[in-house]
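Per Swiss-Prot, these features apply:
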TRANSMEM  97-117  transmembrane segment
TRANSMEM  127-147  transmembrane segment
TRANSMEM  176-196  transmembrane segment
TRANSMEM  204-224  transmembrane segment
TRANSMEM  240-260  transmembrane segment
TRANSMEM  272-292  transmembrane segment
TRANSMEM  316-336  transmembrane segment
TRANSMEM  344-364  transmembrane segment
TRANSMEM  390-410  transmembrane segment
TRANSMEM  435-455  transmembrane segment
TRANSMEM  462-482  transmembrane segment
TRANSMEM  491-511  transmembrane segment
């Protein structure tokens, strides 16, 4: 009775596309192999037949579960393409949505700190805004960039089945980021003279410098927080991050009210609440890793002290790549502040950047998701799955960006009312709306491409590309158009758009010519190099 059933299944799958046939046949082989026999699945990777007898526990994009080890076969029909799109879309948003929500909650910690401080006084609000946007934002971007090396290493190690190395990589990153935080201490300690040197009013700089020294513990919390985040992201364990972010934001609001409104601690209370919330997030994530991530966490290990120098170089390349992007937009604001009528120029640009920042939170989530997808699939030896995940993500992100741009253009005369009642400011914002729309489209692609770069381990070349496109092309062009023509703030922004466009085109071309089979081989070599301690851990475990 078993044979006719199997023949019927194979017959029914013959009319489907190659992708669906592979799924059906793989499932048949799994059923017929029996519970006691090893699973043997024939899959097509690198255009040749391979037999795999050991499943890798990276998430399979083929079956949508953790029971598959096959790469996607080539797409040969619209039905195949549709199935790939459905599977990849599901995988993408399972990761991206919780990460985006977590980022929104973290952004809310800063926002509510400013809101509560704003009720203390305008001077205090200006001082805290400077402390958070200049000093804290600088260290935030640099530490986040340093931790991004884990997106490459943990993601590919997870795909390759080297689960024990995930905890080692995380501990190694903890050490490096804690050391980096020590190096960044002078920026906090000497914030007051540095801010005065940058042209800030002495009274504001004095208060800002005092607040900055009080939030030093928050910086060290980030050194623990970021590597732990990347550890969880690489395994797609992002739901817990969203819950921790939500409870942390709720607790932060309560502590702010308690310290500022009840205890009347003023700025000291705001700084204390900021530190407590940051460490609460870091500790909660570590507790979850130690208690519920037994596959990746095997306890503290001396292996974390091995290969620190090459790990540091990859971390530094990741930091430079990210910081060049963050500082690019900060520099645009600085240039705008030296134009005629800087109040309207900076105000209108800040409103547009604020709107762009809210859209950016979504794409930061997508950035992390595609980084996880690419690194997992390369580590698993799935070149087509990596390629298809990139294609699907780029298309969907572009559609979202276009929709956002259309909404901005339709409401260009009205959306600024959220931020200001000034008719002059609203008109200035409306004049910039078309540039905001173009920027939103570009920003729908740029984070995705950066995520692919991190997932593939391309940080160093992308850092050079960013340096050229942003600082050798975009900023000089913006300076010329803004100061040497009558375009003003629009000219500066056009220069920024040109730099971002050039960077996006270059990276899209890099992805277009990428040999994904070769990327799999490089990922395998990287795991052999970086996972030197994996065999030691296996021996210890046995």
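Keep in mind that glycine also has a Cβ here, set from the backbone N, Cα and C atoms.
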Annotated stretches the transmembrane segment (316-336) and the transmembrane segment (462-482) touching (3 or more Cβ pairs under 8 Å): yes
Beyond the flanks of the transmembrane segment (97-117) by at least 6 residues, Cβ under 8 Å: 124-125, 128-129, 132, 233, 238-239, 241-242, 244-246, 248-249, 252-253, 256-257, 260-261, 267, 270, 273-274, 277-278, 281, 361-362, 364-366, 368-369
Contact between the transmembrane segment (204-224) and the transmembrane segment (272-292) (at least 3 Cβ pairs under 8 Å, separation 6+): yes
Intrachain neighbours beyond the transmembrane segment (127-147), with Cβ under 8 angstroms and 6 or more residues off its ends: 110, 113-114, 117, 173, 176-177, 180-181, 184, 187-188, 191, 195, 198, 200, 204-205, 207-209, 211-212, 215, 218-219, 222-223, 226-227, 229-230, 267, 270, 315-316, 318-323, 326-327, 330
Cβ contacts the transmembrane segment (435-455)/the transmembrane segment (272-292), at least three under 8 Å, sequence gap 6 or more: no
Outside the transmembrane segment (344-364), six or more residues from its ends: residues with CB under 8 Å to it: 96, 99-100, 103-104, 107, 329, 332-333, 336-337, 397, 400-401, 404, 408, 415-416, 419-420, 424-425, 428-429, 431-433, 435-436, 439-440, 443-444, 447-448, 488-489, 493
Distal contacts, the transmembrane segment (240-260) - CB-CB under 8 A, six or more residues away: 98-99, 101-106, 108-109, 112-113, 116-117, 119-120, 229, 232-233, 266, 268-270, 272-274, 276-277, 280-281, 284-285, 288
Intrachain neighbours beyond the transmembrane segment (491-511), with Cβ under 8 angstroms and 6 or more residues off its ends: 328-329, 332, 335-336, 339, 349, 390, 432, 435, 438-439, 442-443, 445-446, 449-450, 452-453, 458, 461-462, 465-466, 469-470, 473-483, 485
Spatial neighbours of the transmembrane segment (272-292) far in sequence, C-beta under 8 Å, 6+ residues away: 106, 109, 113, 167, 170, 214-215, 217-218, 221-222, 224-225, 228-229, 231-232, 240-241, 244-245, 247-249, 251-252, 255-256, 259-260, 265
